[in-house]
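What follows is a single structure, written as structure tokens, with notes after it.
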Amino acid sequence: MASPTSLLDLNLIPSPKIEPKAEPLGEDSDIGPISQPPNPNSTPDLNSLSIVPFNDLTTSLQHLSPAAADEEALFAEYYRLARLFMATYASPNSDPGPLASAPPPSPGMPKPSSALVVSKKRKARSAEMVRVSSLNEQDQIYFRDLVRRTRITFESLRILIIRDEARGGGLGVFGKRSRADLKAAALMTDRGLWLNRDKRIIGSIPGIFVGDVYFFRMELCVIGLHGQVQAGIDYVPASRSSSGEPIATSIIVSGGYEDDDDGGEVLIYTGHGGRDRNLHKMCDVQKLEGGNLGLERSMKYGIEIRVIRGVKFDQSPTGKVYVYDGLYKVSDCWMDAGKSGFGVYKYKLLRIEGQEEMGSTMLKLAVSLRVSSLSVRKTGFFCNDISTGRENFPVSLFNNLDDDQDPLHFEYLPHPIYPPDIQGKFHGEGNGGCECKVNCSTNCYCATLNGGEFPYGGNGVLLRGKPLIYECGNACHCPPTCPNRVTQKGLKHWLEVFRSNETGWGVRSMDLIRAGTFICEFSGIVLTKQQTELLSQAGESLVYPNRFPGRWAEWGDISDVFSDYMPQNLPYLPDLGFSIDVSRARNIACYLSHSCSPNVFLQFVLYDHYNVSYPHLMIFAMENIPPLRELSIDYGVVDEWVGKLTL
């Protein structure tokens, strides 16, 4: 991954040595000088954002608190899974050990290099507390790409493990009921791919935005947003703090404690401990120790707290999503009688002003907009569906900035119109297609076209990007329910074109879009190479497929874990000379804004014909995209043609 070319000003400011009687730090306080000024010519140190080996997990858990014991037990479990995995996929020249009877890897599963050995120890996270501030634009892009790359690795490993288990392959030795998120985290551990482990970041973490959403607690640990596997309070232990006092850095609010009172901007948070695991009610008095004392100390010293909320979400594989809602300050702490009659510690947290809107608030707003947009939006121009019913879901238009209604002046095309010689091949005459009578299997004709595997996993999630994807289409005999029919089915989300001060016209979703899923297609009038050369001189608005960079190669890339992983170079895709004219007819994709750090990417797909020179331009999510967050794509060569689409 490329580093920023500009000078770096990370301002990794060490937190002060906290003395017991020190005055609380104000919100605007500069908390101390840098002990060693950073090299002005340096670039972000990736090692400073990586994991360090774990401590010995064979240590007795008897001396630990229940919360710590739970965490150690869970770490021990996925460490056990990692050892089992490595034994199963050991080098052919190594000692097979007691697991020599384990089944071999399934076809297409990359093997770890012989250097990939699971550490028997893990070091504790660093207790050195720092803040990160004053990042320039290039630094922000750098760290956002770093976080995105780490999340892609985690999710790609997770869905690969699930697919392999379903096939009964090598990873299936763990049992179908074992958790793929634990296995993915374990595989990333020994490669040092967990972020923010050697510095305890206070406040905002570079590359993580307010409103970001996650489906798994382990993912929060992997990126360093919250370091506790189970506990709701993340803190620096007293034994490792310079003052001998614990300091809290983040909390998760997920409704686990009956005495919580979540008002959004104002939060009454219940401390840890004393809860019955089965009844989810208090059964004992809480103590002012560990994370509870850490929150009290953070209040005393003015340490801001990252707040992550767990929200129920039916479309999530875990039944909920975790939403990062920004920074809060603890303003009060007291002991109170809980609803079950036991003493609980309560903390009043106030959200710091000037941040982006809370992600949990945007989730609720999106629900209200889907139910009744007009009752929520009191001003501005709104059109419920500019596609006039030609898409599976409405494509709304909203502008509360000016009088511009330009998208209404174009004919809406849900699918591109191809040249006549291509249209004649839409029914697959003489081109074969699979003969499957039910949903396709991995030995069918279309799987062969895709290099011997199908591109999609469960729920239509793209397993890995390819130069070109063949979906089952018009020439195939399989039913519409075939899992290899995804993009051809059209929109799966309510999308909206909206007016933005920053990007002109932009696109956002009323739904949470899951990473690796299909969003929409670039549509318009498809022009041949000769037509393109002619109309480009006339100043028409054209979309050039050959200008988009190969961001598809990033999705599913697990080379950080498996060193012999190679990007896909099949199926073959020739140089594309055609363009798409969107001067008079277009669809919602034409309003995607440009970004050097995009959250969506272009994937070429064929399904209604087999001419590789004219693939469909399909858009997929590169990360989990929260409702109402703008979608952005990398157009590659950016010039006036992008401006014609979005202004």
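Glycine is treated like the rest: Cβ placed from N, Cα and C.
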Feature region 'Disordered' in TrEMBL, mapped to one of the ranges 93-115, 254-276: 93-115
Averaged pLDDT, computed only over the residues in the domain 'YDG' (203-351): 90
DSSP-derived helix, strand and coil totals, residue by residue, for the domain 'YDG' (203-351): 22 helix, 57 strand, 70 coil
